[in-house]
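This report concerns only the one structure given below.
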């Protein structure tokens with residue numbers, strides 16, 4: 001119904017514009033003053049009518065856009081149907097570590113090692129904020145630099161993104177900054193938001209572009225801070241670093257041809273699994289059910305790692321194939337290469353190849369720093385309260401192998 005109303009309003013706008021142009025053409029050359037005055041009045045009336053119709057058309061277009069954004073992507077035929085509990089384990093790596101001493105959670109370990117301060121941050125910024133201190137700072141930097149280094153070896157281009165973006169870009173990526181219980185921080189009296197993930201600015205980097213097929217796939221690994229309201233999140237399961245309002249993250253993002261997106265999805269989850277296995281973590285990979293996909297995702301794989309101090313598995317990453325859901329909204333196409341050389345008599349300047357097509361987009365977490373920090377502190381704690389640093393991170397921490405309690 002709304003689409004029909006918009007179409008009719010558009011037709012009326014086009015009709016009035018044509019009449020206004022016709023009036024303007026009639027006014028060219030010599031005219032009797034009374035005729036000219038009548039045409040001036042007619043043009044004025046048409047202009048006023050157009051202003052009202054164009055305002056209505058903009059309002060209808062905005063409403064239609066909001067309605068369209070509530071429609072989610074299609075789902076892969078192999079995706080389990082149901083809520084989160086219907087998700088299927090694809091793979092399990094390692095096993096839960098056995099401790100012969102009473103274990104501590106990351107909050108207690110962090111306090112004893114003087115790694116972070118939630119109390120001071122609560123006074124300065126509010127709940128779910130934190131200061132990182134001492135070796136925790138080195139650990140964050142190590143995780144970021146290690147992830148970028150490892151993923152770059154796979155042909156990904158490193159990026160540092162803007163952390164404030166236009167609300168329209170957030171919406172085109174499939175997030176709803178104006179929805180109830182939104183996870184997005186909007187900046188008052190502006191059309192801008194803080195990003196909840198680098199997926200948003202990286203997704204927009206080629207907005208309204210036509211890419212060459214020969215340039216695909218375009219693969220990026222992006223570092224950013226992320227900001228989330230975490231509306232509705234509460235309880236012991238979200239305490240400490242597990243769920244916070246601001247954190248650092250390294251994100252992978254791919255633009256590719258439609259027929260290759262399933263292949264790249266498997267590549268992304270393999271990169272994630274290799275990263276976490278090299279740290280010595282115990283985790284499982286899940287094929288997430290339809291009820292947990294979110295609007296943009298055609299298929300999503302999550303990785304949940306064992307967090308012994310929290311006594312549960314916690315999500316540390318996800319990898320999503322968004323097919324053309326985002327690219328259609330962002331206007332990102334590619335021009336297929338011609339299957340054969342153009343004929344000798346082809347018109348000069350005519351674009352070679354077939355009609356443009358929308359690319360597919362995929363995103364995956366390489367490192368969400370606070371979640372991995374929880375895993376490292378809780379899984380590699382020792383009886384004396386120290387933490388063994390996973391070997392791959394040591395070169396990025398100046399060779400530091402163990403975090404030891406501070407002597408009093």
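Any Cβ shown, glycine's included, is placed from N, Cα and C.
Annotation comment: TrEMBL describes 105-390 as domain 'Aminoacyl-transfer RNA synthetases class-II family profile'.
What TrEMBL lists as L-serine binding site is 197, 228, 251, 363. Neighbour list (residue 363 (L-serine binding site), Cβ cut-off 8 Å, at least 6 residues apart, same chain): 197, 199, 202, 203, 251, 252, 253, 254, 319, 320, 322.
When other Cβ atoms within 10 Å of the Cβ of residue 316 (ATP binding site) are tallied across all protein chains shown, the result is 23. What TrEMBL records for 228, 229, 230, 244, 245, 246, 247, 315, 316, 317, 318 is ATP binding site.
What TrEMBL records for 333-353 is region 'Disordered'.
Sequence annotations record features per position, and here TrEMBL assigns site 'Important for serine binding' to 365.
If you check the recorded positions 316, 318, 365 against residue 228 (L-serine binding site), none has a Cα inside 10 Å of its Cα. For the binding-site residues 230, 251, counting C-beta atoms within 10 A of each C-beta gives the highest total at 251.
In the predicted model, the domain 'Aminoacyl-transfer RNA synthetases class-II family profile' (105-390) has a mean pLDDT of 92. Counting every protein chain shown, the number of other Cβ atoms lying within 10 Å of the Cβ of residue 318 (ATP binding site) is 22. Put plainly, the recorded positions 197, 365 were compared by Cβ crowding within 10 Å, and the winner is 365.
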